[in-house]
Each structure stands twice: as C-alpha cells, then as structure tokens.
Amino acid sequence: MDTAEFRRRGKEMVDYVADYMDNVEQRPVYPDVEPGYLRSLIPAEAPLEPEKYDDIMTDVERVIMPGVTHWHSPYFYAYFPAASSYPAMLADMLCTAIGCIGFSWAASPACTELETVMLDWLGKMLNLPEDFIAGTEGQGGGVIQSTASEATLVSMLAARCKAVRRIQASNPEKSEAEILSKLVAYTSEQAHSSVERASLIAGVMMKKVPADNNYGVEGAMLKRMLEQDKADGLIPFYFCATLGTTPSCAFDHTTELGPICNEEQMWMHIDAAYAGSAFICPEFRPLLNGIEFADSFNFNPHKWLLINFDCSTMWVKKRQSIIGAFKMEPLYLKHENQESGVITDYRHWQIPLGRRFRSLKMWFVFRMYGLQGLQDHIRKQVDLAKEFESLVRADNRFEICAKVVMGLVCFRLKYGIVIDSGSSRSNIYLYMWPGEKENETGVVTEQINCKVAGNGISEMKVDKEKGAKSMAAFKGCIENITKAIPAEKRNTTTLFLGATAGMRLLQELDEQRSSEIMEDLREYLSSLPFIFQNASIISGQEEGLYGWITVNYLMGNLLEKNTWNKYVRPQGEKTVGSMDLGGASTQIAFAVQSNLSGPDYLPVKLYGYPYNVYTHSFLCYGKHEAGRMILDKVVRESSDPNYIPNPCYPEGYNVSLSASDIYDTQCNKKPNNYNPDQQLFFVGTGNSDKCLSMVKRIFDFQTCSSTQCSFNGVEQPPVTGEFTAYAGFFYTSRAIGLEGRSDLDQFNASCTKFCEEEWRVLKKENAFISEKYLRTYCFSSHYVFTLLADGYKFDKETWKNINFQKEVKDTNIGWSLGYMLSLSNMIPSEVKEILPMTDPLFAGLIFLFSTLIIITVVLVFIFLIRTCY
C-alpha cells in the first residue's frame, strides 16, 4: 500500500467507522456464534501472496463483525461504559502513525511532556491537592497506566518496597523474606478483583474488610481489624479504598480511613476507576474528600470521559516512592538528561517498558470538548440513570438495592412465593421476575416448586398426629423454598397462600375448623422472613380466571413485541381458553363476546385491553371427588361389602378402603347406618363400557334453562378457539398415552384400551405412576372424555383445539401464577403501548399507497412523452 492508496483507503475507513457508529444499534448486540466459530472461516495459515484490501474488508463483515460484541450499541448494558469519541479516534490514529515508544524522555520528549501536562490538566479539573500535581512545588505527579488493575499493582508494589525499607531501617536484623511473610494489605469486600490479584502478584496477604449497609467501608471496622492483626504479630502496610465500587458504585469512607492509614504508616491507595470521571463536576467532588490522606489515586478516563481504551490515569503524592521501587538503569536506556531533575522517565512508573503516546487523545478530547462539554456529558448520563431509576421504582417486579449516585443503577428481581393449597395436597411455587423476556414465556418464570407430602390443609385439625406430620412437611417445603432465595432478597419476597376447593368444601361443612386452620397458617406465614401478603380461600370462579390469566400470560397472548421491539396489544381472539381439573373441583374459562353477561361472565382489563371471560367452577367435580361419587354408586349397587365389583378398576386390581375414604366429604350423601371404619373390598373388573356408563350418571345433562348448558343446569356459551387443559387433564391424558393434541375418537379409543388392560400390564408399562393414581385412570379417562365431550360440548372439530399441557417452557400451568400476578398488580389494567393495525386499516393503507404509486407512474409517463415531443 503506497501513500496514494493509503489516502484513499484511509478515507474509506473513516466512512466505514462513521457508518458503523451511526448504525451500530441495528446490529445484534451480542454475537450469535459458538466458541471456535472463527477458525473455520479463515485459512489455517497466513497467505503466501498479498491479498487485496477490498477482500480484507469484505472479510471484516463476514468473519469479524458476526463475532463482535458491540460495546457502543445503545442496547449494551454489560460490564462498564467504554467511552470513545471521534476526537479520541483521530488522536489514536495519529498516535499509531507517529509510532513512538515513549519509555523515556529521550525516546520522545513530546510523548513524555504532553503526558505530564495532561495529567496536571486533569488533576486540576478534579481539584486534586497540589501534592499530586507535577507542575507545582509538590513532589508528586501523574502517569497514564494501561488499566486500573496495573495502577493498583504498581501502588501495592511501591507500598511493599517502602514498608520493607522502613522496617529494615529500624530492624536491620530482619530479612526481607521475614518481613514479607507478615505484611498484610487490606481492601473492601466490595473491591474489584484486581486488588486481590495484585496481592497474589506482590506475594503478600490480603484481608477484606466488611462493608456497611451501604456497601462502603467505615474507619471503625478497619481499625478493629488492624488492632487484631497487630496483636497477632502481623504488619499492616497497605489499604486500597474504593470510590464507586464495581458492584454498586458505593463509596468507602475515605475521610475516616485516611487518618487511620496515616497513623499506622500504611499506604492508602484510592481506586475510582469508574466514578473518578464524575469528580470533574463540582456537585460530585465532595465524594473525593479524603484524597488529601492518600498516597496514590487512579481512575479510568476510558470509562466515562470520551477517551477510548486504554487510558487509566494515576497520581502519586511522592513520585520517588514509585521510582524507588521500579528504577533500573541498564546502559542501553541511559540518556544525558536523566539526572537533570526536570524531566520524567515514565519507564520507572510502570510494569512494562514500552508505552504508547496515549496523552494525544486526552489532548484532543480536552480541547475539542472543553471542561464544560465533558461535565455536560457526565451530567446527561447521571440524569438518564435517575430516569431509569424512577422507571424501575414504578415497576413492582424490581427493587432498587443500592443508592443511585451516578450512572449506575443497581436493581434486582423480586421473588414471589405462592402456596397452592388444594384438596389433596399443597404445592409451593417460587417465581422470579427476570429483567427481560428472553425465552418467550412471559416475564415471570418458575424457579422451583415443592410438593408437600401428606394430605391437604383441609385435613388438618382432624387427627392430631396426622396434622402434626402434615404441618412438618409443610414447613419442610417452606425451608427448601427459602434456601433457594438469596438471603438478601428474602425480605423483599412476597408470599401468598390461596386455598381452593378442599377448603371451600370444609368451609361449608365446618366453618369454625376452616377458620382455625387459616388463622394458624396466617400466624405461621407471618413469622417467615418474607412479605406475607395474603392467605385466603379463593372462589371457584376466581380459580378459573386466575388459571386463564396464567395460560395466556405465559404464552404471551396478553402483550407481545412487534417487529420494532415495541409492545403491542394482540387481538382478543388470540387468547386461549383454559381448563383445570383439580381434586375437588374443575374450572373452565375462555374469552367470549363482550355483549354476553351473567353470573359466570367476568369483565377484566389487562394491559389496557378489555376481555369478557366466561368462567365456571364445578365443586365436587374434581377428579378425586368425582372418583368418590363413582365409588359410592359402585357400593350402592353391591349387596356384599366384602366383594364389590368395580368396572373402573383394572382387572386384577383389588383394594380394601374404609367407608370414610368415600363418604367423608360434602359431595357424597352418607348411607344409612354409616360406619366410617367399615372396610369395603373392591374387585377390579376392567369393564370400559360399564365404567363409562357409570361416569355419565354423575352428570345431569338434561336440566337447562338457557339456550345452551354444560351440565347440572349451568349456562355455557359454545366453546371456540384454542384451549389448554392442564393439571388433572394433563396427567390423565398422559396416562393413556395422549400428551398434547389428539382427536375425539382417538381419545375415546385410548380410554377403552387402558380400561381393558390387566393390572399387571399397567403396572409394568407405567412404573413411574404410583398405585394410588394408576388405579384411577380408567375412571378418570372416561370422566375427562365425558366432561369435555358431553359436558363442555367439544365435538370432533373443536376437540382438536384442546392441548393437554403441563407447562409452558419450564413453568407449570396453574392458577397460582395468575393469582400472584393479580394480587401484586404485576399485570396492570393500563399500559402505554402501540395498538396493532386492524385488517381493514391495513388494507386501506395498502390501497392508498398503491393508488399513489399508480398516479406517480402515470404522471412520469406523461412527462416523458411530452419531453420527447
């Protein structure tokens, strides 16, 4: 490449860079590549012959850009700011062209002297004490290191050298190795990892000082540690304070720590890698108070002062402390002015020998922005952080977990616990709100769930011993959930308990016992380290609605992102109906036309969009209670309690049940001369037709005072659209081999096949299902079929719209999530969003634009004809 081509290519590169910066937000922030992606895209060896520049630039887009993380994208929020600007880029280009290696004044006087002056300029912007300014009578000065990590290491090595020499001066008998073995450096537990790494390189002990509630180190805590370590014969020599910690932008109390370090003859270094840039603004300068006690100080202009990497500035109060630790004078590096006392050789201030002309970019930026321009940049970033903080505080999913001082906003997820106290048992769910909808499952995800062993809470206070065991199991699950939540987040975790059909039945049977159980649970839950919000018995209609919200929330049907990454409101017909089969009740819910009304219709508003949801709950028609009704009919049709044929039990399965297992419920009428301890012996006959016939008899399909009913005289509009059938529906369909979707005839045939299979075969093929449940699936499969086909009126076509489903992308479907979202207002009734175009509007716009295009073409054609003539 000659000079002429360099001029041409240089202009092209400037255009490429400018286009890149202008359009960086259109590139994916994080590369979608696998480790090792690049090796397969380029040759295994360097080319033998020269290649064309155009080919190289083509490969930049083909090979390099797909693997670049775009730190300058407005959508990049990781790590720390990576400041840059066009003046800095141009200066870096000039630096590369000059190409000097400024390890000494003689190697390039301008490189050395400009750096000294620029560090003085910047030091005065920060209002540093004169001790740190080279162009004064002070003994200090500044230097540009590559990173803050290097600055910290240099300061620690200098402090180590100074401490060894001081101790040996008064104790000449002590060897350097002996002294080093007792030296201790200190820093905050919140300090950057580079401080600990520096101690590893320096070969000294490092101790971390606990921070206060605001994540800063107080003087009293350091003082206590020093006294203990000195009593143990250790030698404190160094403390690294942090102003603007990496995790939370917290500030150590340097005005307290500085005097202690001076008193103990400890080197105090201040690392302000991120926050230091803001100290050029007078309103932030008080945060640097205590700098007068420090021996050294550093921050990174390449983080926030529009100067690109690398540029980490460091000042020392006494430059001889640094030079004395690193000075080496080989003959090949000596020059005639090195002992003049008026020049600086920066090779004595750093770990490496060579150094770039980094001060050029500082000079360009300071001159082209000016102090006021840089202050405006800092203040704008801080204002944006404050605006973001207000948005986070307005969102109940998150909490601010550290004081927002500058441009860093620390917020964290809130956890939510929901206890689903059903009729047969309790399930405890832990939900979490991540920051972004990554997996298309909605904002909330289920972290873990714990199934409480034993009976449901409605069985408490019946048998003292069983009640104690149930409560112990309940507390065991709570302990497991608690362990899954970080300790610092427990006091912001909301806790809800919702009791369903089992407690609804108990409330009808024994209101006092129901109240006592709920009161005991409230007392216990209030004692936990969470925000206990609510414990209540929810109605069947609420249970159905919450299930419908859960299904549609997880599937993204309530709010979705459009092509431009904006939230839009989906059309109402895209919602999915939900069907829940519990132990004591079953619920159906689906969106219907807005003009329908009645006791089973609930108008709800979610994200500003109105829905009219039909929802009904059938108490006593849960899988467990319906099974009891079948057993009741089987018993009443048998004359011998010691031999009761049960067509809904598989052939070869026999079991003895107590009468209380069947009749200790509000859903079955007790027989005459009822004895709860009486043993009833059931013999499975596996007769599918008889089982189906018996199932149909527990429904009333005749009574209906409306145009259409489901069963038992309950009005229900026709089922339309997609449906998700979960809980007992899913487990039943899975047992007969039909997860997901099926058709009506296929489901019916699978019921028959299952019922007519012998028990020994069923046990072998379904080893993962416990006997307690496996024996019920002949009945429950016919029950599900009858409920859906004869009850809810799904026919051969609409049955295909049913999806028997347990979860959506690792989150269990159930009413509990919708319950928590509703009570904690995680789904607001109003939200600002873009309305999607309706089909007529879209068609109208297409017609309008098409017409305009035709008119334009005609006019151009007429113009061309007239021009020709």
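Cβ atoms here come from the backbone N, Cα and C positions, even for glycine.
Here TrEMBL flags GLU543 as active site, proton acceptor. Per TrEMBL, ATP binding site is recorded for GLY583, ALA584, SER585, THR586, GLN587. Marked as N6-(pyridoxal phosphate)lysine by TrEMBL: LYS303. As annotated by TrEMBL, transmembrane segment applies to 841-865.
Looking at the residue listed as 'N6-(pyridoxal phosphate)lysine' and SER585 (ATP binding site), their Cα atoms lie 60 Å from each other. Comparing ALA584 (ATP binding site) with GLU543 (active site, proton acceptor), their Cα atoms are 12 Å apart once rounded.
The separation of the residue listed as 'active site, proton acceptor' from GLY583 (ATP binding site), Cα to Cα, is 13 Å.
Residues SER423, THR500, ALA501, GLY540, GLU543, ASP580, LEU581, GLY582, SER617, PHE618, LEU619, TYR621, GLY622, LYS623, GLU625 surround the recorded ATP site, their Cβ atoms falling within 8 Å of the Cβ centroid of GLY583, ALA584, SER585, THR586, GLN587, which are themselves excluded. Annotated pair GLN587 (ATP binding site) and GLU543 (active site, proton acceptor), C-alpha to C-alpha distance, rounded: 7 Å. Within 10 Å of its Cβ, the residue among the recorded positions GLU543, GLY583, ALA584, SER585, THR586 with the fewest other Cβ atoms is GLY583. Around the Cβ of GLN587 (ATP binding site), the number of neighbouring Cβ atoms within 10 Å comes to 28. Put simply, GLU543 (active site, proton acceptor) is 10 Å from SER585 (ATP binding site) when counted between their Cα atoms.
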